[in-house]
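Copied from Swiss-Prot, the annotated features are:
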| type | residues | note |
| --- | --- | --- |
| DOMAIN | 7-189 | domain 'tr-type G' |
| BINDING | Asp19, His20, Gly21, Lys22, Ser23, Thr24, Asn136, Lys137, Ile138, Asp139 | GTP binding site |
Amino acid sequence: MTAKPIDTIRNFSIVAHIDHGKSTLADRLIQLTGALSAREMTEQVLDSMDIERERGITIKAQTVRLDYTAQDGRTYILNLMDTPGHVDFTYEVSRSLAACEGSLLVVDASQGVEAQTLANVYQAIDANHEIVPVLNKIDLPAAEPDRVKQQIEEVIGIDASEAVPISAKTGLNIEAVLEAIVAKLPPPKGDRAAPLKALLVDSWYDVYLGVVVLVRIVDGVLKKGMTIRMMGADAVYGVDRIGVFRPKMQDVAELGPGEVGFLTASIKEVADTRVGDTITEDRRPTDSPLPGFKPVQPVVFCGLFPVDAAEFENLRAAMGKLRLNDASFSYEMETSAALGFGFRCGFLGLLHLEIIQERLEREFNLDLISTAPSVVYRLNMSDGTMRELHNPADMPDVMKIDTIEEPWIRATILTPDDYLGSVLKLCQDRRGTQIDLNYVGKRAMVVYDLPLNEVVFDFYDRLKSISKGYASFDYHISDYREGDLVKMSILVNSEPVDALSMLVHRTRAESRGRAMCEKLKDLIPRHLFQIPVQAAIGGKIIARETIRALSKDVTAKCYGGDISRKRKLLDKQKEGKKRMRQFGKVEIPQEAFIAALKMDS
């Protein structure tokens, strides 16, 4: 196979908000260039996980190579990198974008620009992309292409006069998109003679091949049998096979500059291949790695426990398998007095947490309980050291802590004008500070700084419900700030329940504690003795509810007779109850845990 002229290659990605038709457009492009026969076409070819298809989101970046003969008679190679659109996966997005020179910005002509479109477009602009706007769904009666064009120009500031109007569903005008890619996007640059330098875009685990690595060659040539070095992980491998995706794997002898393909090199674990790493030849390495590589840091932590303790080993095996495929997910063992053995897991964000939990339940048939999600706090100790706290139950003695810092995020919320008041109130209730508010057409764009701790519970659900689903939300972590945070413990019958302890802001502690106690009062079944349910900060009780005792009518056999006889029986019962309360164990049912952890409004 001869080397392709570099000016016939186009690497592009598609940037869009969820549901604006990104994967459908990708399907049409694949169909039109004849990469798959009609029989093999399924909806959303590139979203290979069931969960991706069902939720209509793209999680892992995928790629496909299309051959397209343009109207000028030349055959071009188009490498489409399908990027995730969701905020939790921004790092994956940035790496996919770094592998391309241009982007198609897909905007739904009936809905206009959304918050995540903005976030990803700005990333594309940061990566110096040429951007071609595409208006999708123009066959809908509600489509307003002119208004949306104007919106793109106002909000994003790119020229939308030549935006391509299409309908990905019906296949209308798709050819024009391909022509625009060829005409407007720049070809890649690269030097064949230079030492090998390639960007590791993504990696996943294949049962037969081991780890498959998706690469974009920047300089040099990657050949079969070469010995390569991953510069960030500092590991050396021999390349077994090289190929490209048309969406099916097809082997090739070599990949030249500007090309995108995959390699396998009997790598055992996905954790050894870090997204964004630089790959070079071991014998003749490149001088400097590619910029922008950073190890993935989990943001949200929560404990996952099997409902049935006997399932623990299965859970451990399942976690290991998922970790093979998703290096951004981390876990370690933990035990809890209330829930038994389980794992403390770290995630990129809430969607990531939901997806991992759903995949564990679905693909491995496990029943799981997850504890309340928490974020990573920084504790500045009195002796001058700094510790990270992942689990509120491990909090050291308050006297040894100087200050506690919590992560803050910068959130951008786009909402229709009618719901602006409720959205501002929600942000205010969550200890937010307003940074900016301006109007984009008929919609308000609000920028807020919020503590991540307040967002991880149910901020997203609340935002959707107060705006009837119209508000869209995007965030990135900005910095750590000192906060007046306290550890709230829940005591049942004067015994602390570790799985329910949490760090809260002092101003919110009382209301949160009271709500938790009320909830548990309804959920824990009554026992033969009275049970106090308390919320405490240190030694100070801030809220209490009492679960009444079930009492047996001991005086039922006394008909009439002396009052002292009845009193003797009642006193005897009282003594017994007192003893029970001292030694009695309160069993908290699983349902109570699940419901108490879900509670948060």
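Backbone N, Cα and C atoms are what each Cβ position is placed from, and that goes for glycine too.
Quantities reported herein were computed from a predicted structural model and do not represent experimental measurements.
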So if I draw a 10 Å sphere around the Cβ of Gly21 (GTP binding site), how many other Cβ atoms end up inside it? 23
Around the Cβ of Ser23 (GTP binding site), how many other Cβ atoms lie within 10 Å? Please give the count over every shown protein chain. 24
For Asn136 (GTP binding site), list the number of other Cβ atoms lying within 10 Å of its Cβ atom. 29
By a simple count, how many Cβ atoms lie within 10 Å of the Cβ of Ile138 (GTP binding site), its own Cβ left out? 20
Mean pLDDT across the domain 'tr-type G' (7-189) comes out at 74
